[in-house]
Amino acid sequence: MPIFYTEQTKEFHLQTKGSSYIFTVLDNQQLGHLYYGKKIEHRDSFTHLLRFQRRATSSCVFEGNLEFSLDLIKQEFPSYGTTDYREPAFQILQENGSRITNFEYKNHVISSGKKPLKGLPATYVESEEEAATLEVFLYDSLIDVELVLTYTVFAETNVITRHARFINHHSSPVQLMRALSMSVDLPDADFQMLQLSGSWSRERYVKERALVPGIHQISSTRGASSSQQNPFIALKRPQTTEFHGEVYGFSLVYSGNFLAQVEVDQYDVSRVQMGIHPFDFQWLLEAGESFQTPEVVMVYTDQGLNHLSQLYHSLYRSRLVRGNWRDRPRPILLNSWEATYFDFTEDSLVEFAKEGKKLGVELFVLDDGWFGTRNDDTTSLGDWFVNSEKLPNGIEGLAEKIEALGLAFGLWFEPEMVNKESELFKKHPDWIIHVEGRSQSHGRNQYVLDFSRAEVVDAIYEMMAELLRKAPISYIKWDMNRHLTEIGSPAWPKERQQEIAHRYILGVYDLYERLVSEFPDVLFESCASGGCRFDPGMLYYAPQTWTSDDTDAIERLKIQYGTSMVYPLSSIGAHVSAVPNHQVRRVTSLETRGNVAFFGAFGYELDVTQLTDEEKENMKKQIAFYKEHRELIMFGTFYRLRSPFVGDGNVTSWIVVSEDQSEALVGYYQTLAKVNAGFRQLKLTGLQECGLYQIDGMIGTYGGDELMHSGLQLPNEFSGASALREDEQSGDFQSYVFKLKRIESDRH
Ligand code: DGJ
């Protein structure tokens, strides 16, 4: 069991292959944190890691003991109000107005395996041996409230997950004002905080800042995890690179409002906290009720950012994503959105799909515009029945025709929304998130349905399920195109209005859960104005996510690079679209567009009926290439080699290597051409040192060690030499995918 408990010292030691996490019961019976970092051998006592000191201005817990101040002691799940002046992990408002609590250690249980979280997405195990779980029970006897802190150790993968649960055993209610999922006090502040920030169409850019005293936070108050900030932070040492050095990752399995923050205190202790954003949040706990926080997935490594990402990739790919599609190669899809927008008929779609089939695509996806009277974005959301003017034979008729072509059929929904111009809104104008008497803000001409109400979720479920039952639908793109405003629900009493944002997300999860259970063969792809809700919570239901509405290959380099910090390639929806690109009007070659989109769940989103014969031939080759390598791309080990966020960002490169190191694909991208530039070598990684490799299109053989230590000699266009010769490719936006195959595995 990777969890040790020492009775004499009341210490808990959670140990993974490469990390240790240690905490203890303090003299005041609360929990103190001792250590989180590189694995250390177990001993019966680590008490010396606690530091007690007398400091001039400290307030102290015990009379006469000037050393026991919670402001100085590293804590496990701190409260505010009893000598610690930093931000707490939770706060409970009691009947008498008090917010002071005292949760003392009561007992604990260590067990193998991992229990699911009721109503919430979470990582899971398939056998009891995969993980061990520690539940620590704390109790505040004055208010008769229990707090359960749960830790699960995935020993093989350096992962520790955490969440908290509050249970009110008393006959009178209490109000949670703050209920984060985790808190940990690291003993120094020599870190850079890495975050994935952006906006619509430029999601998850890698940003870093050095810690200084004070609070550093990222958050969302939009009702969705957002493209502005992803629910992830990493703390890395200043010298840590992609390949070396210490880094801690914290990733929240949640899709709503969140907070991730690091508070550096006066003594350079870094308090890391994560969970549901306390802003505009309260939760009433009536007698006997409990509140479950979402899960945080913590990863530590001393082998750099690539290793951190690989640990997340492997856990999320195999123990967060679920269902029949988890381990199946994803179909190459052709999506109608950028090809037709709202303008199509059954005939035009069938023609379009036919052309796609000839090129080799496997799944045809009909995007927005097929329902109600929808011809633009002003009407019909909520009316999930077919627009029979466009599709006279219904979705069934179209889907059957598509299937008859030998393609699977997929359909777009935006289940959480309604337009004022819709039958649903006419019938149930009160079914939207709103506050009575206040005007309701619009976003893309639409309102957000009140998913805190079970009857609203039921109604949408029935409409979607009816279609799924009668038509052969193999894939659903689940969109969400505006954030929440005027958050409130007349269906709930006034004391529960600040619960609505969380209840809304619980409703979204409930609808997902019911659909994935009833239709286990449907592949779901989540989406929110592109990648505005790319988070681990969604991956539990939808194995892939539409990464960004920005489909330009050069823009995508940054977006996919940043996304890969946490999320596996199998989850990164990536399409080749038309040029000039619809978002930035940039023109890049089909080759470069394909070379970028290959490193994800691949597809096309352009009018294939308008392509030249040469383009069609090239597309066929791309599709054949992806089919040949998609298992490697989906399940291989991914390393980032060159960052578009470093220096002038002109070069981006990455590699994906098969588990047995026998194959690899290297993506190399140069944004602007360089004239007469220097020679360029690209040092690879992840290969077998003693293996001998062949590279497609290059003469000779190469040792794994040679490719990793001396590097791969890049073709002329990347050194600018080709500008001097007309017969070679050059210009901006060049790219190359090198295909490596091992031909000998042991040269010694
Ligand atoms: C936003 C999505 O990101 C797009 O891919 C497309 O599905 C549109 N919505 C449709 O309205």
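Keep in mind that glycine also has a Cβ here, set from the backbone N, Cα and C atoms.
TrEMBL: automatically predicted annotations, no manual curation.
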**OP:** Among Asp343, Asp549, Asp552, indicate the single residue that TrEMBL lists for the substrate site containing Trp200, Asp367, Asp368, Arg444, Lys477, Trp478, Asp479, Met480, Asn481, Cys527.
**Re:** Asp549
Original post:
Considering only the recorded positions Trp200, Asp368, Lys477, Asp479, Asn481, which residue has the minimal Cα-Cα separation from Asp549 (active site, proton donor)?
Top reply: Trp200
Subject >> Asp549 (active site, proton donor) CB neighbourhood, other CB atoms within 10 A >> reply: 20
Original post:
So among the recorded positions Asp368, Asp479, who's got the most Cβ atoms within 10 Å?
Top reply: Asp479
Subject >> the domain 'Glycosyl hydrolase family 36 C-terminal' (652-740) [mean pLDDT, rounded to integer] >> reply: 90
Original post:
How many neighbouring Cβ atoms, not counting its own, are there within 10 Å of the Cβ of Lys477 (substrate binding site)?
Top reply: 25
Original post:
Among Trp200, Asp367, Asp368, Arg444, Lys477, Trp478, Asp479, Met480, Asn481, Cys527, Asp549, recorded substrate binders, what is the largest CA to CA distance in Å?
Top reply: 19
Subject >> Per-state residue totals over the domain 'Glycosyl hydrolase family 36 C-terminal' (652-740) - DSSP helix, strand, coil >> reply: 13 helix, 32 strand, 44 coil
Subject >> Cβ neighbours within the same chain of Trp200 (substrate binding site) - under 8 Å, at least six residues apart >> reply: Ser227, Ser529, Gly530, Cys532, Asp549
